[in-house]
Each structure stands twice: as structure tokens, then as C-alpha cells.
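According to Swiss-Prot, the protein has these features:
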| type | residues | note |
| --- | --- | --- |
| REGION | 1-21 | region 'Disordered' |
| REPEAT | 93-132 | repeat 'WD 1' |
| REPEAT | 135-175 | repeat 'WD 2' |
| REPEAT | 177-215 | repeat 'WD 3' |
| REPEAT | 218-257 | repeat 'WD 4' |
| REPEAT | 260-300 | repeat 'WD 5' |
| REPEAT | 303-345 | repeat 'WD 6' |
| REPEAT | 373-412 | repeat 'WD 7' |
| REGION | 424-450 | region 'Disordered' |
| COMPBIAS | 430-442 | compositional bias 'Basic and acidic residues' |
| COMPBIAS | 486-506 | compositional bias 'Pro residues' |
| REGION | 486-514 | region 'Disordered' |
| COMPBIAS | 544-575 | compositional bias 'Pro residues' |
| REGION | 544-612 | region 'Disordered' |
């Protein structure tokens, strides 16, 4: 993990600006940059037929930070990828419980969905705010990206499902259920998706048509979770009736029912790497891992003191499973390491038993605990696609990021997330006043990030300020003002009728003779206005009155004559390039700019002018 410098290096709280004003200096923000570790691994690794990694091995010293490797470089060492270090806590200015957290497919941003129906986008490297938008009218309960990374679907408490493009352009909305939707999942081909609702049913929809194809009925109570196997035509669902069911999506038939829990099922999830296991969690303080080949549970995950609310598999290590509890605790399990506490004996795994069909499931305790990860229930967990950062969303309205500790970082086990605020304050690893000050600084940073947020290029541009209300013309979008009153009709003039006769003849009009040329005025070389006024005085031509109307000509009825010295308003001076850029960087609660508009903007600046 690197650090982004924000301000000077002296540790002061501020300094003098160029104009002598006091300038507040922000502290450094933690930034995770995985580019260096990926490059280091790609540079030093050897081909498969010549052996493995040839670089320096990591050791518990800060000097070995440069030798850190990504999880893909150590697939068989899941213990090195356990996220024990707290990186950052992100929170909105207007706080709501976080129901779902999802990394974007490329891993550059984290998308969170709250009970207010809003999408919030956080930067995946610096964890700062990027944009926010109102996506649903009610609480968002589920999010899922397609396997092709081209689509995002979301479901809310009203039973609606919405289609989104990667730039968060809402394409379609369908009313899938009349009750809240608790979970949804894409099929391996992305041609269909399935929803689980409180009406106790599962529904399979055709993604392209947005129409329901089949309804899966069999649960006796609310369906709380559903998942589609990553490579096979197999569905799994968990319900409030304590049952886990496996379904055939082609025939809508229930294949089998797994009886392993004694309370409401909170999460069911297939393992994505090998696809041979299924993890389930429930409100009975346990989680279970089922082997689909044996159709039985092989691991019983213990250790939680409260109910388990969610779980997630690691994207690289198939034996690393993380769970979140109703009390805000975050536990990490290695399925091949039972890790029993003192006083508990080892149990035999079904794989090692002579009769694997009758032996009970092996009890597994957490390899690492973060008891105080959140203050309230953890509703969602999601791993970065590379597997080096875990994001958690909680009922305490905070989104937190977790990662592995750097070599030599031993104080991570003594922070307030591991031992609590009181114990950490007693040991001097956390200050209550400093914690409040840090929270205020984080909120201030998020407010400043909102000011620098992404811009919606499709938003209407504001009118030119400074123009008064001209009759018959709009006011250019001035705040708080409407359009001007249209001018009254002129008596005797109808739509399409002839213009009224003038009360006096004007030279050159109505067949009259043109005005005589002014003496000393060359028609081929017009003079400047000052010279023209001087010639008009010498020729005896009367100057126009201050009202800018010829003598005898009255203004139209209903419009007062302009006062003396009246002139058109001076247009505002053109904005500089810097001011125009600042005016454009105004936060709008709207979708992200489209890629096409962004490309045009870059091309106008002289970038990306040629195809690559």
C-alpha cells in the first residue's frame, strides 16, 4: 500500500497562501496501487516449465514491501490473502444503511446501494467519492453485473428490476414482483436472470425481452437468496422456511432439498473458481459448505456469537471464505484448516473418512477474526476482482475497505477493529478524540470530493446570465425567474395582415425620394461614428433623441418608453479557460458521462486523435 501526499511533508496543519490567507493542508490519504505488484510479479516470474516465482520471498520486515505479490501469484497460500488491515472508511454526506456493495468488473470503482435508492460510486484506489445518483424510488436490495461485464441489473423493495449500462444509463425497468426482491443472479450465458422475492417464489426472466419465462414454486416462506451456478444449469435458493433447494432452470423442477440449518437462510453462494462447493449461512449462528458431488455438507463453520448475515468466496483461493455477522463482526475461514480453539478437538473431514456418507461435517473455526469491523450488521461483502481488497457494507451506514497487512506491520492486531475502542484507547493505539477528529476530516474530504465529482455531460446548459427580461423572449434560465410576458398586440394588426401606415413619411420608404447624401461623405468609404455625428451637425440634420425613437413615433401601447440614456445591456465578459473548467466541474446527481462524449472532449484537447 502506498500513500498519496496531500499537502506538505512537515505535518503542519496549514500555511500561508500567495495572497497571505491561511490555507488548510489536508493529510495524506491511503492509496492502494496494485500496478507495482502486478508488474513485479510479471517481470520476475518464470514460465511454468522452468519453475515458479524466482524473485525475493516476502519476510516480516518493512523493507520487503517491494516484494509483495498479488493473490494470483500464490494460489496455494490463501493465508497470505486474509484481509486483516483496515484501509479506509467511506461514508456519504447524507448517510443511509448500505445494503449492497459491488466492485465494477474492471475493479477501478466500488458501487454501493443504500436504503434511500441511491447508487454511490467510490474510487477503488484512493477510496474517495466519485458520484451519486438516484437509481430507485425505494430501497435497493440486490445488484448483479453480467458475466460479459456489459450490463448491470438492480432490484428494489417495490419489486422492480432495472437494466443499467456500464455508464449507469437506465435502459429498461420491469415490474418483476409485487413484494420486495431479496436477491438476483445472471445465468452463465447472460441470456437469463433469476429473482428471489418475499412472495416465496423464484422467477426466471429472458434478459433481452424482459419477460418472465418460468416461476419456481416450492418454498413455504420468503425466498431470501438465490444464485446461479457459474458454469452449469443449476439454481440454488434459500428461504425463511430454513430450507436450501436446488433447481433445474429448464424444467422448473426442484432437484433436492438440503436440511442443514435451523433458522432463516440469509445467503447461498456457489464457489466460482472450481464450482464444486456451495456455501450457505443462516440465523442459527453457523454457516455450512456443501459438496455438490456428494450432495452433503462437508464443513460446519462455527465461531459467531450472533447470527450470520452474509458471506462471500475469495475470487482466487477456493478455500477462503469470509462471513459477516449481525453484530458487525467479520470472520475469515480456511476450509482446509479447522483451527479449533483450546478445549475443542479436531474432527475428521468426510474426505478422510472411510465412510464419507455418514460421518458428520467437519467443524471449522475462523482463522482470523475482526470482532469490531462494524458497529451494526454487515449486509454485504464483495472482493476486488484481483482478490487483494475486501469491501463491506453495513447497517451503520459506512463502507469499509480491508486488505492484507504490509510486511512488518504488527500493530494491525491492536487497532480498535480487533480489540475494541476501549482496549485500543488503553493501549494507546487509538484516541477517542482523534477518532472523532478523523471522522470529521473524512467527512470533510468526502464533501470536497463531491465538489470534484464527475459531471453529467447530458445535462442542459445554463443560459447567459446578465440579460434582462425582454418581452417575448425567455430569460435565459435565470434562477427563480420565469419567462417574460409576451408583448401586447398592436391595434389594427392581425396575424399575417399588412403593416400599419406610418404616421409620417420616412425618406426612402413608401415610394418617397431617398435622403440626400451628406456633404463631404464618400458612400464608398463610410466614416467612423464620431465623424458621422460631426457631419450631421454641419449639414443641419437633427440628431436622434435620447429615447432612440424618431420625432412623432410613439412606442407600442403597454410598454413604457425607455428612460434617458437607455442602452442595451453590456454582455458579460467571456470566461477564461480555467473559469470555464471550474464551471463545468459542478457535481450533479446524474449518470456518469458517456464514453462517446468523453472521447470527443479528449479529442478537442488534442488527445486520441488517431485510432490505435
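Glycine too: its Cβ is placed from the backbone N, Cα and C atoms.
Keep in mind that this is a model prediction, so the values were computed, not measured.
For the repeat 'WD 3' (177-215), the model gives a mean pLDDT of 97. When Cβ-Cβ distances below 8 Å are used as the criterion, the repeat 'WD 4' (218-257) is approached by residues 182-188, 192-202, 204, 263-270, 272, 275, 278, 280, 282, 290, 292, 295 of the same chain, each at least six residues removed from its ends. The helix, strand and coil residue counts that DSSP assigns across the repeat 'WD 6' (303-345) are 0 helix, 17 strand, 26 coil.
Stretch with the largest number of CB pairs closer than 8 A to the repeat 'WD 6' (303-345), among 93-132, 135-175, 177-215, 373-412: 373-412. Counting same-chain residues at least six beyond the ends of the repeat 'WD 5' (260-300), those with a Cβ under 8 angstroms from any Cβ of the stretch are 224-232, 234, 236-240, 242-244, 306-313, 315-318, 321, 323, 326, 335, 349-351, 356-357, 360-364. Of the ranges 93-132, 135-175, 177-215, the one with the most Cβ pairs under 8 Å to the repeat 'WD 7' (373-412) is 93-132.
Within its own chain, the repeat 'WD 3' (177-215) has Cβ neighbours under 8 Å at 141-142, 144-148, 150-151, 153, 155-161, 163, 221-233, 235, 237, 239, 247, 249, 252, counting only residues six or more beyond its boundaries.
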